Amino acid sequence: MMDKETAKHRAEELRRTIDQYSYEYYTLDEPSVPDSEYDRLMQELIAIEEEHPELRTPDSPTQRVGGAVLESFQKVQHGTPMLSLGNAFNDDDLRDFDRRVRQAVGDGVAYNVELKIDGLAVSLRYEDGYFVRGATRGDGTTGEDITENLKTIRNIPLKMKRNLSIEVRGEAYMPKQSFEALNEERLKHEEEPFANPRNAAAGSLRQLDPKIAAKRNLDIFVYSIAELDEMGVETQSQGLDFLDELGFKTNQERKKCATIDEVIEMIEELQAKRADLPYEIDGIVIKVDSLDQQEELGYTAKSPRWAIAYKFPAEEVVTKLLDIELNVGRTGVITPTAVLEPVKVAGTTVSRASLHNEDLIKEKDIRILDKVVVKKAGDIIPEVVNVLIEQRTGEEKEFNMPTGCPECESELVRIEGEVALRCINPECPAQIREGLIHFVSRNAMNIDGLGERVITQLFREHLVRNVADLYKLTKEQVIRLERMGEKSTDNLISSIQKSKENSLERLLFGLGIRFIGSKAAKTLAMHFESLENLKQVTEEELLAVDEIGEKMADAVITYFRKEEMLELLNELEELGVNTLYKGPKKVKAEDSDSYFAGKTIVLTGKLEELSRNEAKAQIEALGGKLTGSVSKKTDLLIAGEAAGSKLTKAQELNIEVWNEAQLLGELKK
């Protein structure tokens, strides 16, 4: 068991590493490491945060859904978030999941077991039975519009068998045979082959020319409808049958299991079939079958509590460690990275792995030119498991961390209680550059077209030294950069100007205040409403805000007491950057005179005038509390079409029931 201080610094390192790997995987489609390493690091971080809940931060990768939208396609907002799943790695993890489920909903639980297809998660929107829009998962809330490419997949019906307006979720993939044929063709034309079928599928669906996607023989399995409970369907297994009836292709390697023991048996059966399947799978998905029980279990910020993904055991290979490189992050932390002799692990070429810190290198006695064991459990991140000391030849070289920053040569320091070495020079080019990249990122100021490549050029040409300089850029300066034409320059200048209108929480997150992630930034912006108020805030006022702890409060106070930070913020204001919160304000029940104020409300069935999320937001803005299941504590059920079992239960408990017209009437008051 780690002491709190060690755990704190390990958690910080894990968050940084996981965020970087998430960016490589979800944004660039160029994962540098396999799933196994990513999963291992995530499990380690989850364990630390469970052991020390006070170390859990709002911006931790365990709290969010990771991934940003590329610039090549239009952005699409998902009606219902496309969340990721928690992971199980062994039978004990599955039994723990089962225990949590039964503690929440009782013993009458059945599970639906399905294959986890290794492809690209997509959302298909149908209006009156017609396919109108397809999108990638993206960051779970916002994806990319790839409608024209998805239309080339023959198993996606352009017209359903019923005139429904629904959002269908599925996994687009490339069959093994198509993948092999594609790579043979690429090699014939002296093009680089794809590392695995998933990368090939993702790359195909992100082609701007749909004709390219059409040639690549992609396929799809669908697995859910976002509005399933509005279709009069009561279980996940019925939902899959319903999708079959509508003309979609679902995976038939599935089974409804009455107990977790049956689930484990089914997993063993499916795992034995893995090599013979005509497509790649990277695990098995286990879902609570009852939709009512799913609603009762609900969600964390990152994943549903009613489903889990069983991940296959790790694969290990031996390769040579060629060098150790050092990277400087935006907070000055120096992270060593292993440069490996490229090696294939489960279909992916691995050439780099994070070594986290100097202590880990010493603990494992890792030397340059060592033969090392690299582990991969899935497809994202690699880990150097251990060194093959018995294979040393004498040419290996010990690695020693430098005393100076690899970027600016300033003296490196180890802050008391921290594992990492830091560069504390505020003028360090690497820190400034990384800070600029963070400022323009998806969850911060979200400036389209201003990615790492352009930021690096702007910095190298001395056109920007801080975030305020971004708002001083001219068309003449930008168009001279590499690969920047007239149109891309105009679009970039327009995006920069548009970002001035962002709500305060985006600016706060973009400033990179330590411990303040996107969620904490939203909380602060909502509570204090303006940057001016935050400049004058006291520690007592900060600690009075829900979800703001001592570390966060101290970081905010420290930031707003620095003269150079205040000068930067004043400059941003003078340049026209908005410093006010523009979002909806939380309403306390006692401050609302609405009928909904203080009431516990359940929504069920399909609403015609509003989406479920719109209705929920408006009810909560009037002081109502939304829950997923009907109980004696429920004050009101609002029933749309095909309300199903929730309506029956509400009537049995004599709970007040409204229709959509009554809801709209109250909202208009």
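Placed from the backbone N, Cα and C atoms, the Cβ positions cover glycine too.
Residues Asp35, Ser36, Glu37, Tyr38, Asp39, Ser84, Leu85, Glu114, Arg137, Glu171, Lys311 are given by Swiss-Prot as NAD(+) binders; from Lys4, Lys8, Lys287, Lys344, that same site also lists Lys287. Counting in whole angstrom, Glu37 (NAD(+) binding site) lies 27 from Cys405 (Zn(2+) binding site) by their C-alpha atoms. Here the binding residues for NAD(+) are Asp35, Ser36, Glu37, Tyr38, Asp39, Ser84, Leu85, Glu114, Arg137, Glu171, Lys287, Lys311. Their largest Cα to Cα distance works out to 25 Å. Cβ environment of Lys287 (NAD(+) binding site): Tyr111, Asn112, Glu114, Gln236, Gln294, Trp306, Ala307 lie under 8 Å away, each six or more residues apart in the same chain. Summed and averaged per residue, pLDDT over the domain 'BRCT' (591-669) gives 85. Secondary structure at Cys408 (Zn(2+) binding site), as computed by DSSP, is coil. Note: Cys423 (Zn(2+) binding site) has non-local neighbours Val328, Gly332, Ile334, Cys405, Glu407, Cys408, Ser410, Leu412, Ala430, Gln431, i.e. same-chain residues 6+ apart with C-beta under 8 A of its own C-beta. A Cα-Cα distance of 33 Å separates Cys428 (Zn(2+) binding site) from Asp35 (NAD(+) binding site).
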